[in-house]
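Colleague: Right, I'll just put the structure down here and ask away after.
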Amino acid sequence: MAMKVTGGFILDENGEQVAKDVYIKDGKIVEHVADGDIRQQFDATGLLISPGFVDVHVHLREPGGEKKETIETGTKAAARGGFTTVAAMPNTRPVPDNAEQLDLLQARISETAVVRVLPYASITTRQLGQELTDFKALKEAGAFAFTDDGVGIQEAGMMLSAMKEAAALNMAVVAHCEDNSLINGGAVHEGHYAKAHGLNGIPSVCEAVHIARDVLLAEAAGAHYHVCHVSTKESVRTIRDAKKAGIRVTAEVTPHHLLLCEDDIIGKDPNFKMNPPLRAKEDRDALVAGLLDGTIDFIATDHAPHTAEEKSASLERAPFGIVGLETAFPLLYTHFVKPGTFTLKQLIDWLTVKPAQTFNLPYGTLQVGAAADLTLIDLKANETIDPSMFLSKGKNTPFAGWDCAGIPQATMVAGKTVYKKERITNE
């Protein structure tokens with residue numbers, strides 16, 4: 001079946017807006033389709049036609065956490081936010097730490113996901129940090145990469161072994177960097193906010209010391225080491241130095257760490273509680289600078305839904321994490337592109353081709369022959385963030401009430417429309 005997306009514009013290699021019709025056949029982008037062969041047509045007049053967004057850090061919670069989110073609700077949220085490919089973190093119950101569990105997870109993905117879902121496998125059995133999983137069997141079963149995200153690998157020897165195993169299979173080790181001996185039972189960053197509210201704080205070095213250790217281990221193992229949700233200036237410096245030394249390290253940053261710091265926390269609202277925590281303003285500034293200079297490779301949401309009951313607890317007792325799939329692009333476009341800090345092309349690249357290239361994925365592009373994963377965006381449309389409108393089960397966001405521009409209007413995965421607003425017609 002052939003389709004034509006007409007009237008929109010794309011960004012060329014220089015970031016210039018160019019009017020472009022996009023032709024789709026059999027789920028792939030093609031150069032042209034004869035008018036007589038077109039069976040569906042979308043009116044994208046005035047819309048940016050972007051490659052579908054790629055998010056390599058999403059918590060879908062299923063199996064075991066279906067009260068927070070399911071594969072179905074999480075991928076519907078992804079589609080609404082313009083994401084066509086997401087990678088699902090393994091901190092579920094049970095953990096996908098063997099081929100059988102990974103097979104069951106992939107069957108569930110096939111049944112209920114509305115966007116493409118790539119499953120992570122865990123580095124260690126049950127994510128306990130004590131025994132390596134069977135990397136070879138998990139790769140053969142379809143693992144995207146290996147991570148124990150949610151907890152850090154505490155033993156250097158265990159991490160080195162994991163990196164050697166992954167390197168032999170040309171797979172990435174993806175790390176949540178946190179030294180348990182330095183957490184201090186903290187709920188927020190160890191800074192002036194913690195002091196003012198009498199709270200235990202998590203120091204910056206809790207994250208940075210693991211990165212400093214791991215880049216040396218990655219060098220020794222010859223592994224691709226990817227750092228999740230970088231949050232501190234020390235981490236940025238360490239990654240920058242490692243890249244200069246030729247170590248194969250990549251890194252991501254979340255929208256919330258780019259947008260917020262501890263100064264922005266309102267009262268003791270648990271919707272401002274995430275891990276890693278919101279750091280100092282100089283850390284936030286270092287993250288923006290690191291993204292701009294290439295130290296940080298791309299943006300990932302760390303979408304982490306929780307129930308309203310869980311997030312209604314005190315700041316000290318509520319779980320870490322916020323949702324992000326449905327707010328990422330509008331927030332970043334409004335607060336970084338419109339003021340001129342980022343170009344539109346930079347933002348699109350950090351959400352598409354950059355994560356795809358980092359993990360050797362054939363997505364995030366509008367090239368002929370690529371999967372027809374498209375996100376159609378009205379850059380002039382405005383909305384106020386309203387959690388009651390989220391398709392995610394999780395409503396836990398610190399951005400409620402924020403006004404944003406740049407609203408996704410439709411999302412297509414392999415040529416199939418998985419999300420749309422009213423203006424997309426003639427399906």
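Sequential numbering from 1, following the chain as shown.
Cβ atoms here come from the backbone N, Cα and C positions, even for glycine.
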Colleague: From Asp149, Asp214, Asp263, grab the residue that Swiss-Prot records in the same Zn(2+) 2 site as His176, His229.
Modeller: Asp149
Colleague: His57, His59, Asp149 bind Zn(2+) 1 in Swiss-Prot, but which of Asp302, Asp349, Asp373, Asp378 does that record place at the same site?
Modeller: Asp302
Colleague: Among Asn271, Asn275, which residue does Swiss-Prot annotate as binding substrate at the site that also has His59, Leu60, Arg61, Asn91, His306, Phe320, Gly321?
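Modeller: Same substrate site in Swiss-Prot: Asn275.
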Colleague: Checking the contact step here: among the binding-site residues Arg61, Asp302, His306, which have a Cα within 10 Å of the Cα of His229 (Zn(2+) 2 binding site)?
Modeller: Asp302
Colleague: Taking just the CA atoms, what is the gap between Asn275 (substrate binding site) and Asp302 (Zn(2+) 1 binding site) in Å?
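Modeller: Computed Cα spacing between Asn275 (substrate binding site) and Asp302 (Zn(2+) 1 binding site) is 9 Å.
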Colleague: Cα of His57 (Zn(2+) 1 binding site) to Cα of Phe320 (substrate binding site): how many Å, rounded?
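Modeller: Cα to Cα, His57 (Zn(2+) 1 binding site) and Phe320 (substrate binding site) are separated by 15 Å.
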Colleague: Mind giving me a neighbour count for His306 (substrate binding site)? Other Cβ atoms within 10 Å of its Cβ, every protein chain shown.
Modeller: 28
Colleague: What same-chain residues, at least 6 away in sequence, bring their CB to under 8 Å of the CB of Gly321 (substrate binding site)?
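Modeller: Those within reach of Gly321 (substrate binding site), by Cβ under 8 Å and sequence separation of 6 or more, are His59, Lys273, Met274, Asn275, Asp302, Ala304, Pro305, His306, Asn396.
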Colleague: Show which residues of the chain containing His176 (Zn(2+) 2 binding site), separated from it by at least 6 in sequence, have their CB under 8 Å from its CB.
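Modeller: Set apart from His176 (Zn(2+) 2 binding site) by at least 6 residues yet with Cβ under 8 Å, we have Thr147, Asp148, Asp149, Gly150, Val151, Gly152, Cys228, His229.
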